[in-house]
Amino acid sequence: MAPPPPQQPKNRNRGPAATGGNGRPPRRMASRDAAERAAFFARREAAAVLRRVLRGDAARRSAGSIKSLVYSPTVRNKRATFALVCQTLKYLPILKEVLGSSGVLNSKWKKQEELVIVTAYDILFGQGIAVSGSAEELIMLHKDNLRRALERICAKRKVSSVEDLLGKETAVKPKPRFLRVNTLKTTTESVVEELSKIHMVNNDDMVPDMLVLPPGTDLHSHPLVTNGKVFLQGKASCMVAVALCPKPGWKVIDACAAPGNKTVHLAALMKGEGSIIACELNKERAKTLQHTVRRSGANNIQTVNGDFLDIDSNDPSYAEVRAILLDPSCSGSGISTERLDHLLPSHSRDDQDDASTSSRVMKLSAFQKKALSHALSFPSVERVVYSTCSIHQAENEDVVNAVLPLATSLGFELATPFPAWHRRGLPVFEGSELLLRTDPEDGLEGFFIALFVRKAAGGDVEPPNEDVELGRKEPNEDVAVEPRREQVRRRRGGVRAFSSLRLSRMILCSKRGFW
């Protein structure tokens with residue numbers, strides 16, 4: 001009798017898969033292998049995102065929100081990665097304590113700390129799928145020790161389950177899904193026709209080419225989004241470019257442009273005519289800006305990886321700049337919920353202090369004043385929009401109030417963006433009612449917009465398209481600026497009586513060339 005054939009060793013991933021009678025892997029095994037592969041790659045993509053999130057949070061110089069990092073082109077399995085990053089951050093204090101007490105994160109694994117943390121979450125609290133990766137093997141080797149460490153922590157804090165160790169979750173009120181039609185590539189009518197087949201779609205009543213869909217609508221992988229015909233952009237964010245309202249053919253600067261949604265919105269409002277200089281100091285964010293521009297199809301945008309403050313406003317190259325959009329670095333307090341900032345380690349630290357007067361906000365405010373003063377110094381600029389996604393007075397009204405004397409000396413005054421909008425600036429100085437705020441109570445993000453317009457020779461503010469009737473929403477029409485006759489009436493009533501204190505001309509930039 002011939003001896004039985006030797007038994008093949010079990011090797012789940014490194015050898016050929018077992019096959020069925022038709023030469024293909026059994027369906028159950030193929031499904032398991034696919035799930036393991038998906039888990040393997042999702043953990044590594046999540047670890048890469050988590051590394052950037054935590055490093056940016058520690059330095060308080062974020063490379064982007066969790067959502068923007070996950071939904072970047074480099075991440076393939078976006079849905080799984082997003083869930084994994086959010087859940088890992090939710091359990092992060094517990095995971096660090098457990099891994100630390102178990103001695104798992106020794107010097108050998110310190111360089112891959114984020115991958116170990118993500119894998120530990122997924123195996124201990126998530127899917128529990130273990131694949132043959134080095135981090136997975138490490139966690140499986142110490143799995144029993146990690147569970148015992150969890151039990152000791154629960155006993156020490158006198159709670160019955162791990163969930164009791166977690167803080168209270170921040171309730172997020174669902175907001176409508178806003179999207180902006182990219183008129184450089186398509187029309188609003190064609191997008192409505194296509195999306196109406198699967199969603200309820202409404203036109204926004206204030207922002208041109210903006211559509212409103214039900215909360216929770218996920219369009220990240222929809223062809224209209226991936227090919228740049230539609231941008232998933234909040235209404236408050238879109239109000240910024242509309243407030244600037246540049247004419248086709250103008251030369252425009254977007255001073256702090258990344259990720260680029262407002263930049264390409266400007267290009268659409270300008271119908272692709274004229275030119276836009278889009279500045280971004282951060283190298284990684286500049287790459288994101290370039291990708292956004294490519295996706296939009298705009299061919300009148302020049303991206304510059306450099307500092308807006310390094311531009312010499314008296315350089316003849318910028319003598320024809322007519323409009324500047326300044327949306328500088330800010331605390332992001334108006335979009336902290338959308339950014340999921342409550343999941344970040346710094347969130348608990350900020351809760352201990354008054355965030356609105358923190359040293360970080362004060363430093364940001366000083367930079368914002370400098371940047372706004374510089375924007376106003378360009379000799380031919382007619383319109384400057386200053387905007388933030390902050391709710392703090394220090395970054396909003398206080399910045400505008402501090403720069404008003406300089407603005408007045410250079411011939412600027414505040415105009416009223418979206419005069420029909422109900423929520424205006426905080427009443428902290430005369431004229432603050434001309435400013436605009438949005439708030440989560442409005443179903444939007446928390447934004448702030450100030451519009452500076454240079455007075456014409458006769459002393460009146462010149463709207464870009466005064467012959468267009470207010471309220472009609474055609475591209476590039478003047479839906480964002482109060483009509484001149486209303487401004488004159490308000491000025492006669494004393495509302496616009498700003499100080500005309502004369503200051504010496506301030507050029508807050510170096511004399512170095514920009515490139």
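Every residue gets a Cβ built from N, Cα and C, even glycine.
Predicted, not measured: the structure shown is a model, and the values here were computed from it.
Look at TrEMBL and you will find C389 tagged as active site, nucleophile. Taking a C-beta cut-off of under 8 Å and a sequence gap of six or more, C389 (active site, nucleophile) has these contacts in its own chain: A236, S237, D327, C330, G332, S333, G334, I335, E445, G446, F447, F448.
Here TrEMBL flags C256, A257, A258, P259, G260, N261, K262, E280, D307, D327 as S-adenosyl-L-methionine binding site. Non-local contacts of C256 (S-adenosyl-L-methionine binding site) by the CB criterion (under 8 A, 6+ apart in sequence, same chain) comprise C279, E280, L281, F308, L326, D327, P328, S329, A371.
The compositional bias 'Basic and acidic residues' annotation in TrEMBL covers 469-485.
If you look up TrEMBL, you'll see 167-455 marked as domain 'SAM-dependent MTase RsmB/NOP-type'.
Marked as region 'Disordered' by TrEMBL: 1-34 (among others).
Residues annotated as region 'Disordered' in TrEMBL: 463-485 (among others).
If you draw a 10 Å sphere around the CB of G260 (S-adenosyl-L-methionine binding site), it holds 27 other CB atoms from the protein chains shown.
Neighbours of A258 (S-adenosyl-L-methionine binding site), defined as other CB atoms within 10 A of its CB across all chains, total 28. Listed in sequence order, the residues of the same chain lying 6 or more apart from D307 (S-adenosyl-L-methionine binding site) and placing their CB within less than 8 Å of its CB are C279, L281.
If you compare every pair of Cα atoms in C256, A257, A258, P259, G260, N261, K262, E280, D307, D327, the residues listed for S-adenosyl-L-methionine, the longest distance is 19 angstrom.
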